[in-house]
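Colleague: So TrEMBL lists the following for this protein:
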BINDING   166, 167, 168, 169, 170, 171, 172, 173  ATP binding site
COILED    884-963  coiled coil
DOMAIN    70-767  domain 'Myosin motor'
REGION    639-661  region 'Actin-binding'
């Protein structure tokens, strides 16, 4: 996929001085910081912070930021708005466990893949108190965005919407749950005084808040699954709408879902799982529940074991199932309703295990290979097993008005099976969402709403299909709304600051949206059109697009693959494979299987199927001529409604990012993060900033930064007395820089600077002044340092000379004095010290010598005694060892003798046993040889019989070929006969039309004859008796003869007259059971048959949305029974 990079500032080489910090781009590492080393003809040599040197062109580099290393809370405060600065600032915050960063009003959330302790009650209270004062007073946080929406709703009295987007695994689901947690707490605690809460609504509000929070586990279980990128990936989009009253308290909520991934129910890729609820049922169901569901371990089911992952590390499916059951109870589903729902889910698992195979060679069609599984499915779905089997094995078509059943092939039957599973799960999921909304939706009581939208992010895989086109189309629409919203904010800020700017140009994705949704030549329109053709295929659809859209700037055909097309999205070019587009858009469910599901005795399944059909046809009583809304059309309508909601709401944006693809904590991949920033649209907002005045500096910051331009004037009172705006204007004038018109504009509170101006002239002028001043300061310092050093040397020389002279005098005097003292001391020492000490030393030496001799003799005696004891101890150890060895050898010999005796006895027994085995083996060998000879003889006989059968079959095959050729010749002659038959049919139709009047008169006469027998002749004062009166009298006679114990309740009368009936006949409804129906039928037979040629012909079953119905079909026949008129009379609805 082709990636788009932000259009960066490409400065002139002259501004890139040696030593200047820059950002350089590499395809593997993204943006990294470096410094300019040298300028060369073929580029600029830079050195990265890691010490690597590389040669780059000015087009691959950007000016470095001087504030990004601080990890700013708001990226809009960066002095340079480029990708490298954004990546550096986000990295600094991520390494400090600050996972949230603001980009103006937008919040960036980076998934830490570890627990971060910043979601406590105390944190919510901090943001509730200070969160609405702006990002300057608090750190960016998900609670800050939620509080911003809540405060805006209270202040502006306007609906709010928080849009959460990002790739799979970026943390969108967790962000949604945290926002809902904060809003339910905030909206329930904002009116914590008694006067603020309604007296009769406190408990209801608490219940709604709990239902909102508990709906998350339910939706995650039914709509989330493990993928290779995320262990809890949402496979559908959802919009939570919190409904608030005029006191800002929650009174209700509503959930809207978008584009559930139905294909995951029947197929999962390697390393992925199906939806969580299936694994939770298998792991957490009780023994009684599993017996009712007939389920066992998850690995036994085809739908669950395809990906090879049955469990998720760190997730307890059994515990999660208990949480889901508790949450279902909270949202209002009782045990019986839950039981029915889990039975349907278990049926889907069993449907996946159905297998199909060809029948025998003599029979056509296929059959179910495991009928016991089919029986289980029928019992769990509560449908007729025979009809279910027919629906799975064949499809019904009407050819020339006749019903024809066409058997499936095994592969087609598997596709029909999977379609059934997807339809049931989708119907159940939509029914579950309606059930959740039924308990929470209080739209009549709400005044304002806060929406939380969790929608899928832009997707581009190796293989992109129909789902990716829909998802990326939704992202295109939301991206367009995102850009237009912030473009409006940008213009509003310029207007507020009194700054006039030219028209801001930015990359718009309108052309891409037109390519996808325009009529009649958009991608989706052509897809819808192709789906209406019976013989339409993916290839014909691609041919039409190639013929009509080739010149479109956002459409392209790949050079190699002829079964794909390319759409140039705002986030990059995506190649779509056309395989399966028409099938997925049609989302066709076989009519026979729909009929089977409609006759289910399970009320839950019946409601789910009926609501799904009503949604697809656009209403409960859609006419037969209405066509089903296809998937692309439905999704397009849903996006239009969503955008209408966003247009009437104040949006707040949360962009979730993944720090790395490995889902590891403390690992930041810069290129991966920048790629997601491009897809999220944040860099487009920066592009809008860069198109105007991308650098916005507060007035005081500008003065402190460029105060050097004022030089000595900064100390004068005249400069200090100026207003901040005038000070900035004075500094710009004193800078000496030649400015283009409108390069720098001073607003009311900020200075607006175009980025190329900031990166070049102003900084260069400031650096020149600082460099000149630094040179003068260095010269003065060097002069001062030289003077100080010379004075120190001179003073040192004088001190050294004085010291040398004093030393010489003191040495001469000292030598004379020392010689005299030495002679005197020597004489005194000899007389008074040396002689007495010598005598004492001689005495001490003698005493010491005697003591040392005594000590040596004592030590020698002790050594001899110790040696003797050591020798004796060694001898005793040797003796003890010999004794122990002798005893041990005797004991071992005794044990060996006993063991030898036992082994001898055992050997004798084994020898006897071996002889027996040899005899038995010989006997078996003889018997086997005899049986083998017998079997060979029988096989030889059978082989000869088979050869005879083969010859006979070959002859029969030749005869069949001859018959087939004759049949083909006969069919060729049938064409002429068919033309003759059509002419005969036309003649018969004309004859039928001519004789209708006679039939009608004959029937009227027969009806009046029956009236005469019933004594229904009119009196002179009454109106004449009509055919309707006579028929009504006959029905009343039948009803009067019913069992009095069975109530017959007449209901509203309704007329339904067949087009072929010449008279107006009454039509009434009565409510009765099956047993009453057959009594009525029997009485009609007996009572009516005696009054002319009128008979009850049959009873017909009907299936309506209100339940099952039975119709009574009466035939009015002439006396000779050759003419008859059928009338569908009373329709009887039974329980």
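Positions of Cβ are set from backbone N, Cα and C atoms, glycine also.
On a predicted model such as this, the values are computed, not experimentally measured, just so you know.
Help me picture these features in the structure, burial and contacts included.
Modeller: If you take the C-beta of residue 173 (ATP binding site) and look for same-chain residues 6 or more apart in sequence within under 8 angstroms, you find 220, 224, 232, 234, 454.
Within the chain, the region 'Actin-binding' (639-661) has long-range Cβ neighbours (under 8 A, six or more residues past its boundaries) at 94, 105-113, 142, 145, 148-149, 152-153, 156, 158-167, 169-172, 175, 179, 229, 239, 256, 258, 449, 451, 453, 473-474, 477, 481-482, 485, 667-669, 672-673, 676-677, 680-682.
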Colleague: With helix taken as DSSP H, G or I, strand as E or B and everything else coil, how many residues of the region 'Actin-binding' (639-661) land in each class?
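Modeller: Counting residues by DSSP class gives 9 helix, 8 strand, 6 coil.
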Colleague: Looking at Cβ-Cβ distances, which residues of the chain lie under 8 angstroms from residue 172 (ATP binding site) while being 6 or more apart from it?
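Modeller: In sequence order, 164, 165, 166, 234, 454, 457, 656 meet the Cβ cut-off.
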Colleague: Tell me whether residue 173 (ATP binding site) sits in a helix, a strand or coil according to DSSP.
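Modeller: SS state of residue 173 (ATP binding site) = helix.
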Colleague: Under a three-state reading of DSSP, tell me whether residue 166 (ATP binding site) is helix, strand or coil.
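Modeller: Strand, per DSSP.
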Colleague: Just going by other Cβ atoms within 10 Å, which of the binding-site residues 169, 171 has the emptiest spot?
Modeller: 169
Colleague: What is the set of residues, excluding 166, 167, 168, 169, 170, 171, 172, 173, whose C-beta falls within 8 angstroms of the centroid of the C-beta atoms at the ATP site?
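Modeller: Other same-chain residues near the ATP site: 111, 230, 233, 457, 656, 658.
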Colleague: Tell me, how many other CB atoms lie within 10 A of the CB of residue 170 (ATP binding site), whichever protein chain they belong to?
Modeller: 24
